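In what follows, a structure is listed as structure tokens, so that the remarks can point back to it.
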Amino acid sequence: MVTLDTQSIIRTVNVNFYYGRFQALTDITMDFQKNRVTALIGPSGCGKSTLLRLLNRMNDLIDGCRVEGQVLFEDQNIYAPEMDPVEVRRRIGMVFQKPNPFPKTIFDNIAYGPRLHGFRKRSDLEALVESSLQQAVLWEEVKDILPRSAMTLSGGQQQRLCIARALAMKPDVLLMDEPTSALDPISTAKIEELIDELKENYTIIIVTHNMQQAARVSGMTGFFYLGKLIEYNATEKIFTNPEQKQTEDYITGRFG
């Protein structure tokens, strides 16, 4: 296992996670580097999406779940009693598997979160909406139709809108749970290009079943199996010279 604590922004320390009596994650210790893309791979049910969701306390919304160990964000345990989960989720944003725009206008999809956090001045909101859509490489496609319902956008545009919506909250980290699995190849390529651009300013952690995608977009890769972190290393090493036989068997298609 490789740890890179000199530049880590998130660190998990001996994390165990339970759904009721079922243990979904066992003794997970990882460092996530700042301004890098980290991919989490493994077969269905291996715990990678569970780990992603506990990195910003999304699992708090599930009855009966329990976390042991520490999840440190900038050296603060996000599960400490004094930590505000709403603020945690603002700074560690999430993009889901299927595009989930609000049934509102394109403009209001981006402005909704900032309004809840105190943005009131129209000119400030307009500037924030434009900059967020620019970062998500969507501005040129929607700048003339901002009053239109977000539901009229294509699937790929909706997913970029959801990324822009997350960016409008000024996060430090962006979590992506299979963000292209519901998209066509052209839309997938656009999202991958966007991920490459966003890593200049954000830390990105992506769950993907697509091994080729993990190889293309990430600098680090963690392989999970049955709730355990089997191997964590530079992506190139994981895919060309893995240290664990289970990793090699998975990436060569022997199981999964």
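The backbone N, Cα and C atoms fix where each Cβ goes, glycine too.
A quick note: this is a predicted structure, and the numbers were derived from the prediction, not measured.
These features come from Swiss-Prot:
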- Gly42, Pro43, Ser44, Gly45, Cys46, Gly47, Lys48, Ser49: ATP binding site (BINDING)
- 10-251: domain 'ABC transporter' (DOMAIN)
So, three-state DSSP: helix, strand or coil for Lys48 (ATP binding site)?
helix
For ATP, what surrounds Gly42, Pro43, Ser44, Gly45, Cys46, Gly47, Lys48, Ser49 with a Cβ no more than 8 Å from their Cβ centroid?
Thr50, Phe224, Tyr225
In all the protein chains shown, the tally of other Cβ atoms within 10 Å of the Cβ of Lys48 (ATP binding site) is 28
If you count the C-beta atoms lying within 10 Å of each candidate's C-beta, which of the binding-site residues Gly42, Gly45, Gly47 ends up with the smallest number?
Gly45
Mean per-residue pLDDT in the domain 'ABC transporter' (10-251) works out to 96
Neighbour count first, Cβ atoms within 10 Å, every protein chain included; then name which of Ser44, Ser49 tops the list of binding-site residues.
Ser49
